[in-house]
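I have placed the structure first, in the form of structure tokens, so that the comments after it can refer back to it.
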Amino acid sequence: MASEEQCSAPPRWRSISLTHVEYPAGDLTGQVLAFMSLLPIAILVGFVTLIVFKRELHTISFFGGLVMNEGLNWLLKHILQEPRPCGGGHGSVTTEYGMPSSHSQFIWFFVVYFFLFLYLRMHQTNNARCVELLWRHILSIVLLAVALSVSYSRVYLLYHTWSQVIYGGVAGMVMGVVWFFITQEVLTPLFPKIAAWPISEFFLVRDTSLIPNILWFEYTVTRSEARNRQRKLGTKLQ
């Protein structure tokens, strides 16, 4: 238990502002938007999970682009040094500067890169083309709605002005396009060599850039292997 001396002179406490989002008390819309503004953190956790369990070079490159995008945002904020809106009154933020919005820049980088990956990187490999295109369009609409919601949440919750969110979105989109084509034209030809490095083989890092539709490939391979093992198991039991 804390001593009386510690209680009489408490230290100055700080919160982890990455997950600290404030919204007006009793405002249901603000509460929903506060959760929406946490989506970038969920996306980062998802990337780390994919990298740990998949160890695929394109995923690692995508994640590297997100990290560089965040670095660019930090640099722009400290160059421009435009303050956040005065009406917010938020006591816990990563930086006092708001131009450009890091949430907006992050989510638009992610969405634009994902759009390009979805329509340019993944190609049709089976006969269900209408179904394939339908789910791509639906996923694109959902991602677009998510990006708009995250961007709007930063204005609604008074963390940023509209200009800060818009410029952040533009910066994220430009970075997303540039990094996608760097990955496709510069890094992807190097992936087979990188995957052949001893350290890559030790950590089971793989390159799937030559597989047009990785989802369909993994599904068919897993289903085929499961059936083979099931047949072998059935033969042993007879």
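Just so it is clear, glycine is given a Cβ too, placed from its N, Cα and C backbone atoms.
Straight from TrEMBL, the features:
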DOMAIN    63-180  domain 'Phosphatidic acid phosphatase type 2/haloperoxidase'
TRANSMEM  32-53  transmembrane segment
TRANSMEM  106-122  transmembrane segment
TRANSMEM  134-153  transmembrane segment
TRANSMEM  165-182  transmembrane segment
Chain residues outside the transmembrane segment (165-182) and at least six past its termini with a C-beta under 8 angstroms from it: 65, 68-69, 72-73, 76, 99-113, 116-117, 120, 147, 151-152, 154-155
Contact set, same chain, for the transmembrane segment (106-122): CB under 8 Å, 6 or more residues outside the stretch: 39-40, 43, 58, 62, 65-66, 69-70, 73, 136, 139-140, 143-144, 146-147, 150-151, 168-170, 172-173, 175-177, 179-180, 184, 212-215
